[in-house]
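Presented below is the structure to which this report refers.
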Amino acid sequence: LKSRHVQLISIGGVIGTGLFLGTANALRHGGPLGLLMGFAALGSVCYAVMVSLGEMIAHLPVSGGHITLAHRFVDPAFSFAMGYNYWYNWTIVLPAELNAAAVLIGYWSDVNAGVWITVCLVVAVAINLGGTKAYGECEFWFAIIKVITIVGLILLGIILDAKPDANGDRIGFRYWRNPGPFVQYMDVPGSLGRFLGFWAVLIQAAFSFIGTEIVAIAAGEAKNPKKNLPKAIKRVYIRIIVFYILGTLIIGLLVASNDPRLNLGTNDAASSPFVIAIQNAGIPALPSIINAALLTSAWSAASSDLYTGSRALYGLALNGNAPKILRRVNSWGLPYLCVAVGAAFALLSYMSVGAASAGKVFGYFSNMTSVCGLITWAAIAFTYIRFHKAAKIQGLDRRTLPYRAPLQPFLAYYALVFCIIILFFNGFAVFIHDGSEGPYVFDKSTFITSYFPIVFFPVLYFGFRVFGKSEVVDLSIADLQTGSRVEEERDEEEKTPKNAVQKFWAWCVSRALASLKM
C-alpha cells in the first residue's frame with residue numbers, strides 16, 4: 001500500500017453505512033440532540049483508541065496489527081481471544097454491509113434482496129482476489145467518492161436548513177422543538193426515557209465508528225509505515241468532527257425523529273436520513289444520485305470487511321492460533337484461503353431472503369458488530385496500557401517513537417472504562433417494558449446479539465489459558481523492537497516521477513489529499 005492508499009483508507013475508514021444508513025435508527029431512538037451527543041461521546045472514545053493504537057503500530061507495523069501486539073505485551077491467550085473476536089467481528093459485519101446495500105438498492109427496485117446481495121458479494125470478492133494493490137486502489141477511489149458525498153451532503157444540508165420556503169419559513173431547529181430534542185425511548189416516561197434514547201444511540205454510533213482501526217491491519221502491507229501511519233493517525237479527530245459531528249447535526253436538523261421512513265425494519269423504508277431530507281426538499285433526481293453514491297459506500301465497506309477479516313484470520317494463523325493451511329499465500333502474497341473463508345461466511349447475508357427484511361437483518365448484524373468492535377477497542381486500550389508500562393520499565397523514551405500519543409496512559413484508561421460500561425449495559429432494552437398495555441415480551445434475538453460476544457471472549461481466553469498453558473508476558477522482557485522496520489526509514493517512500501504524465505498524476509494526487517486534509 002502506498003502513502004495515498006493509507007491516507008485515503010484512514011479517511012474513508014470512518015465513513016460508511018453506519019453514517020449514511022445506520023443513523024436512521026439512531027435518530028429514531030435518540031432524537032436529534034441524543035443523536036448528536038451519542039456520536040460525540042463515541043467519537044471521543046474512538047480518538048482515544050486510535051491515538052493509543054497509532055503509537056504502537058507506527059513503532060511496530062507488524063502483520064496482524066493489534067492482534068500480534070497483544071501477543072507481545074499481554075498474553076498469548078489474550079491475543080487468541082482478541083484475534084478471534086476481531087475476525088468474528090469482520091466476518092459478521094460483511095453480511096451487515098451486504099444487507100445495507102440491498103436496502104439502498106431497494107429504493108429503486110422491488111427485486112428480491114438476494115439478487116443484489118449476490119452482485120455486491122461478487123464485486124467484494126473480486127476486489128480482494130486482486131491482491132493488496134487492487135484493494136488499495138479501489139479503496140482510494142471509493143474513499144474519494146465517499147468524502148465528496150458526505151461533504152456535499154453537509155453543505156447541501158446547511159443550505160436546505162437555512163433557505164426560506166415559499167412562505168418565508170426556514171427549517172432551522174424546527175424538529176428540535178417538535179417532536180423535540182430527545183425521544184422517550186420505548187415510551188418510557190420522563191428523564192429516564194430520554195437517557196435510554198441517548199444510550200441506544202451509543203450502540204449504533206459504535207457500529208459507525210468501528211473500522212477506524214483498519215489502518216493497523218493494513219500497516220503490515222504498507223510502504224514506509226513509520227512516516228505514513230502517523231500522518232493518518234494525527235488527523236483522526238478532524239475526520240470525526242467534520243464527518244460525524246457535523247453529519248449527525250445536519251441529519252437532526254433536516255429530518256424529524258418520528259418520520260416513519262426512518263424505520264429500517266420495514267421493506268419500504270426510504271433508508272438514509274440524507275435521502276429523506278432531499279425528498280422532503282422536493283429536489284428531483286437528486287435522491288437517486290445520492291442513493292447511488294451511498295451504494296458505493298456499502299460496496300467499499302463490504303470490500304474492506306472482507307480484506308480486514310481475511311488479514312485478521314491470516315494473523316491468527318501466523319501466530320499458530322489457526323490451522324496452518326491458512327498461512328498459504330499465492331505468488332504475490334495474497335492469503336487466498338483466508339479470503340475464501342470470509343466469503344463463505346458472507347452467505348449469512350441471505351437470511352434476509354426469508355421472512356426477515358434486509359433492514360431487520362442489517363440491524364441484527366450491526367448490533368453484534370458494535371459489541372465485538374467495542375470489545376476490540378477495550379482490548380486495544382488494555383494492550384496499550386501494557387505497552388506503555390513495558391516502555392517505562394525498559395527505559396524506552398517515547399519521544400523517540402515515530403508517533404507519541406497525547407495524554408497517555410490516561411486516554412487509554414478512559415477508552416477502556418467507557419467501552420466496558422457500554423458493553424455491560426448495551427442490551428438494556430430487553431429488560432424494559434415498552435410502555436404498551438400488553439404483557440412484557442422478552443426479546444431473545446436482541447439479547448443474544450447483545451451479549452453473546454461478551455460471553456464468547458472470556459470463554460476463548462480462559463480456554464486457551466487452560467489448554468494452551470499460556471502465561472502473562474513479563475513486561476521487563478517484552479519485545480519492543482522486532483518488526484520495527486527501521487530499514488525503511490532510509491528508503492525513498494515513493495518513486496520519483498519520471499515523465500510528464502507521472503508528474504501530472506503525482507500533482508493531482510497531492511492536491512486531492514491536501515484538500516481532504518483541510
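Here the Cβ of each residue, glycine as well, is placed from N, Cα and C on the backbone.
Under the heading domain 'Amino acid permease/ SLC12A', TrEMBL lists 5-471.
Taken from TrEMBL, the feature transmembrane segment applies to 6-26 (among others).
Within the same chain, residues 14, 23, 26-27, 176, 181-183, 194, 197-199, 201-202, 204-206, 208-209, 212-213, 233, 236-237, 240-241, 244-245, 248-249, 251-252, 377, 380-381, 411-412, 414-415, 418-419 sit at least 6 positions outside the transmembrane segment (33-50) and bring their C-beta atoms closer than 8 Å to a C-beta of that stretch. Per TrEMBL, transmembrane segment is recorded for 33-50 (among others).
Positions annotated as transmembrane segment by TrEMBL: 86-107 (among others).
According to TrEMBL, the transmembrane segment annotation covers 113-131 (among others). Outside the transmembrane segment (113-131) by six or more residues, the chain places 94, 98-99, 101-103, 105-106, 138, 298-299, 302-303, 305-307, 310, 332-334, 336, 339, 342-343, 346, 349-350, 352-353, 357-358 with a CB less than 8 A from a CB of the stretch.
What TrEMBL records for 140-160 (among others) is transmembrane segment. Away from its own ends, the transmembrane segment (140-160) comes close to residues 4-5, 8-9, 11-12, 15-16, 19-20, 171, 242-243, 246-247, 250-251, 253-254, 274, 277-278, 281, 290, 293-294, 296-297, 299-300, 303, 512, 516 of its chain (Cβ-Cβ under 8 Å, at least six residues beyond either end).
Marked as transmembrane segment by TrEMBL: 196-216 (among others).
The feature transmembrane segment is assigned by TrEMBL to 236-256 (among others).
Taken from TrEMBL, the feature transmembrane segment applies to 276-301 (among others).
The transmembrane segment annotation in TrEMBL covers 334-358 (among others).
The feature transmembrane segment is assigned by TrEMBL to 364-385 (among others).
Within its own chain, the transmembrane segment (411-433) is flanked in space by residues 41, 44-45, 47-49, 51-52, 185-186, 188, 196, 199-200, 202-203, 206, 370-371, 374-375, 377-378, 380-382, 384-385, 388, 405, 440, 442-443, 446-447, 450-451, 454, which lie at least six positions past its ends and keep a Cβ under 8 Å from the stretch. The transmembrane segment annotation in TrEMBL covers 411-433 (among others).
The feature transmembrane segment is assigned by TrEMBL to 445-464 (among others).
The stretch from 196-216, 236-256, 276-301 with the most CB pairs below 8 A to the transmembrane segment (364-385) is 196-216. Restricting the average to the domain 'Amino acid permease/ SLC12A' (5-471) gives a pLDDT of 82.
Counting only same-chain residues 6+ beyond the ends of the transmembrane segment (236-256), those with a CB under 8 A from a CB of the stretch are 10-11, 14-15, 19, 23, 26-27, 31-33, 35-36, 39-40, 43, 46-47, 50-51, 54, 150-151, 153-154, 157-158, 160-161, 171-173, 175-176, 178-179, 208-209, 212, 262, 273-274, 276-277, 280, 517.
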